[in-house]
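A.B. asks: Structure incoming, see below.
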Amino acid sequence: MDDNKAKALKAALAQIEKQFGKNTIMHLGDNSATLDVDVVSTGSLGLDIALGIGGLPKGRIVEIYGPESSGKTTMTLQAIAACQKQGGVCAFIDAEHALDPVYARKLGVNTDDLLLSQPDNGEQALEITDMLVRSGAIDMIVIDSVAALTPRAEIEGEMGDSHMGLQARLMSQALRKITGNAKRSNCMVLFINQIRMKIGVMFGSPETTTGGNALKFYASVRMDIRRIGAVKNGDEIIGNQTRVKVIKNKMAPPFRQAEFEITYGEGTNHLAEVIDLGVEIGAVGKAGSWYSYGDEKIGQGKANSVLFLKENPAIAEEIEAKIRAEKLGTKDDSKVATVDKANEEQAAEPVQ
């Protein structure tokens, strides 16, 4: 760049910063403009790895969708528990009016510190969400679910009235406001969504999600969760075999997937994943039905090995750290990197 252009650019940047504030515009390579983001674990080690950054990104819009009883709310409650363990403040916008606090506690959620709202209509739910995001004090907000964000006009109208596109317009307008505020506040907004069928589709999948197309565009991460089988103890079904596909990912390569077990009343079988992935990278030895770590045998069969790791959490954490270092290139399981200092200061201030 010649001197005249460089001077003109410098003057323009100075004018922009004077008018709109420091760090409004910067070079992408600057240390202060780092793109590394804080992450929150999903509760599933395999899914954290499939996401490519070690968890769900803060400051972004995230969508998780799937059929009924596939584990959507379970996954989000586990993410809330992980966020709280990092010292974060979380909120749950329960538009379906179906949150079970007893089950949430079983999954590790501190219900005393969890903010809960059960709004009357979609406008109220999204306005509450935006106000919480702009406060700068919330780390994670879950909206359960998009399908239950019923527009006020539909609630006040008659049962047979037609309200074409109302919910889609509501979501589009709300996301335009929330997305920028979420980035500035470093607050993750996680939408749970349901599946509907499109009529008359001859080719391709007839499935679609509710609430229009806006959420598909604004979401940095979209996950499709499905129940693919049952986990049995003898003849008794004790859980679901679950598969999650990362359909969209702006943080890492998309289309990866993870399979894991969700045990009823307990959540993801995290230690079973630690053993499987430990064997995959060579951190855990397997000879016949015996599993070993270093020179120590940890159990015969996966069930006994899980019990051993449950009784020896330090060994489980050590194996998990090795898995994350191998798969993600990081030894810290709580975050990939910190947000730059300027952004932290900005996130601490309420967004006007």
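From the backbone N, Cα and C atoms, a Cβ is placed for every residue, glycine too.
Not measured: the values here are computed from a predicted model.
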A.B. asks: Of 54-76, 330-352, which span is tagged region 'Disordered' by Swiss-Prot?
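C.D. replies: Result: 330-352 is the stretch Swiss-Prot calls region 'Disordered'.
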A.B. asks: State the count of C-beta atoms found within 10 angstroms of the C-beta of PRO67 (ATP binding site), not counting that atom itself.
C.D. replies: 14
A.B. asks: For LYS72 (ATP binding site), which of the three DSSP-derived states applies: helix, strand, or coil?
C.D. replies: helix
A.B. asks: What count of other C-beta atoms do you get within 10 angstroms of the C-beta of GLY66 (ATP binding site), across all chains shown?
C.D. replies: 24
A.B. asks: Residues other than GLY66, PRO67, GLU68, SER69, SER70, GLY71, LYS72, THR73 within 8 Å, Cβ to Cβ centroid, of the ATP site?
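C.D. replies: Result: ILE225, ARG227.
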